[in-house]
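Copied over from TrEMBL:
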- 31-49: transmembrane segment (TRANSMEM)
- 61-79: transmembrane segment (TRANSMEM)
- 99-118: transmembrane segment (TRANSMEM)
- 124-144: transmembrane segment (TRANSMEM)
- 156-175: transmembrane segment (TRANSMEM)
- 181-200: transmembrane segment (TRANSMEM)
Amino acid sequence: MKMSKSMNDDLAYVRSLAEAGADAPLLGGRFLVWWGGLVTAAYLGHYLIGSGMLGVGMEALGIMWAGFIVIGLSGYFLLAKAFPHDKPGQSSEGNRVSATVWMAAGFVLGSFFFGVTVKSFLNGAASSGFTWSIPLVLGVYGIAQLVSGEIAKVGWLKLAGYVAIAFVGLTILIIDTAELYLAAAFAAACSVLIPGLLMLRDEPSGVV
């Protein structure tokens, strides 16, 4: 059966929508900016407290990280609630895969820190797992960014993933020094905060 010009036009339109969806920009920028900025600030704060630059006791670390959890989760849920449902490209393969890999990343880190926190309470002292969490965190960031960049065909996002992975080894080399947290702050900014800002720049503004 010969298709009419109208049918051909309709098929071409559907095809163009499908292709646009496949190449839709990633929409998680606001979440990367939030967590990337917060983690960067927390690592910097830890460095300043641990190195004695702020002139406060080490007990300030516990207060700071408790605040990090409360502020971080509260802000995340507010951002998720306010996320516009008319953003084009939400159902694209890139956005679905990226959302899944970051969800898995969150579960891994949540499970790890839950275990380390419980162990600290049981032992009556902060576990060394908190210090060793930095290479783990950066490794998880690296995998998530690398997968997201690959599925969305975004070269600079894959580069951010490689940067985070490179800092896994670098932070292990300085694991027992105060500079560990300074390096971690730099890595978090480069691999999460800055990519989040770039993703926000590329986000579509509304329904097309």
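A Cβ is built for glycine as well, from the same backbone N, Cα and C atoms used for every other residue.
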Go through the chain and flag residues at least 6 beyond the ends of the transmembrane segment (156-175) whose CB is under 8 A from any CB in it; none is fine as an answer. 26, 131-132, 134-135, 138-139, 141-150, 183-184, 186-187, 190-192, 194-195, 198-199
Where else in the chain does the transmembrane segment (124-144) make close Cβ contacts, counting only residues six or more beyond its ends and a cut-off under 8 Å? 39, 62, 98, 101-102, 104-105, 108-109, 112-113, 115-116, 161-165, 167-169, 171-172, 175-176, 180-181, 184, 187-188, 191-192
Among 61-79, 99-118, 181-200, which stretch has the highest count of C-beta pairs below 8 Å with the transmembrane segment (31-49)? 181-200
Contact set of the transmembrane segment (181-200) with the rest of its chain, CB cutoff 8 A exclusive, min separation 6+ beyond the ends, reads 25-37, 39-41, 43-44, 46-47, 50, 134, 137-138, 141-142, 145, 156-157, 160-161, 163-164, 167, 170-171, 174
